[in-house]
Amino acid sequence: MKREQLIQNIEKLKHVMPPYVLEYYQSKLTVPYSLNTLYEYLKEYERFFSWLVDSGVADVDKITDVSLSVLENLTKRDLESFILYLRERPRLNTHSTRYGVSQTTINRTLSALSSLYKYLTEEVENEDGEPYFYRNVMKKVQTKKKSETLASRAENIKGKLFLGDETQGFLDYIDSEYEKTLSNRAHSSFFKNKERDLAIIALILASGIRLSEAVNVDLRDLNLNTMIVEVTRKGGKRDAVPFAPFAKTYFERYLEVRSQRYKTTAKDTAFFVTLYRDIASRIDPSSVEKLVAKYSQAFKVRVTPHKLRHTLATRLYAQTNSQVLVSNQLGHASTQVTDLYTHIINEEQKNALDSL
């Protein structure tokens, strides 16, 4: 979604929200939460508050009028009814006409509500320096994580990683072979964005940064001499992330054409830009997702930018055997999330030994 459209959608949602949700939104902008995250949270709040009104839990006609006392006095049973409502609404699930939303979606909804409740019960201050209320019913609600072993996750994911020579092979394919699959009509669009697309993909493959971090990189954030890219991690923390040397060439090639091809000016600080009606603007995450899907499907298998991040992490662990190093590279606070990569590599090592 384009940034302008995203802002418009956020404003529409803000217009129907209770005042304390607007305070929450303003507070999280200062953290800063990304606009994408806040947009997703506002959508969850609209769904939840609409249910409060429609179910009669809140005795009001519109969600703007849902008072703080409704949230303060909400019972665990009320929340459980809301969760059952989500499970039993087929039309909320885009993947099925028979079942309600997935557990992942429910967890995301509860996470958004937990964030709002934490703000209202711990972070915000009224005129007396106290939170709006103290009772946090969200602490009584348990979330169910998707049940899957590391072995299962590793098996599902490793076929979608470009390991070993495939990392460079993927970039070479886009650079030299992909154009051969295109019609004459599609050639001009491909060549217009070829250097930019290669630079984006190379950055994620070489650094393992998140999609949101990649699209928000500014020109000043990338240092080709030290091979460091500065990004804003989750929670608003700035981080200096090293990238592998193979990406440097792709950045240089893109920078050679960026100004002329995308008609950028000194005001265009974004590193990755797109051109629409002769105006340059920061590329949006959905555009990157589409281009990664397009190129990867033609090369081997359709993947997401997050799988490119997994690729870097797995390759880095294979070289270092250090979960701490991989965690630092990815911007994780603990090494627990890197267990997946160790499992993938252990399986690869076992397969190699079996072939001896």
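Any Cβ shown, glycine's included, is placed from N, Cα and C.
In Swiss-Prot this protein carries:
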| type | residues | note |
| --- | --- | --- |
| ACT_SITE | Arg210 | active site |
| ACT_SITE | Lys234 | active site |
| ACT_SITE | His306 | active site |
| ACT_SITE | Arg309 | active site |
| ACT_SITE | His332 | active site |
| ACT_SITE | Tyr341 | active site, O-(3'-phospho-DNA)-tyrosine intermediate |
| DOMAIN | 16-121 | domain 'Core-binding (CB)' |
| DOMAIN | 169-354 | domain 'Tyr recombinase' |
Original post:
Of the active-site residues listed here (His306, His332, Tyr341), which is spatially closest to Lys234 (active site) when Cα positions are compared?
Top reply: His332
**OP:** Sort the active-site residues Arg210, His332, Tyr341 by C-alpha distance from Arg309 (active site) and give me just the closest.
**Re:** Arg210
Subject >> Cα-Cα distance linking His332 (active site) and Tyr341 (active site, O-(3'-phospho-DNA)-tyrosine intermediate), given in Å to the nearest integer >> reply: 14
Original post:
Roughly how many angstrom lie between the C-alpha atoms of His306 (active site) and Arg210 (active site)?
Top reply: 7
Subject >> Between His332 (active site) and Arg210 (active site): CA-CA distance (Å) >> reply: 11
Subject >> Neighbourhood of His332 (active site), C-beta criterion under 8 angstroms, separation at least six >> reply: Thr338
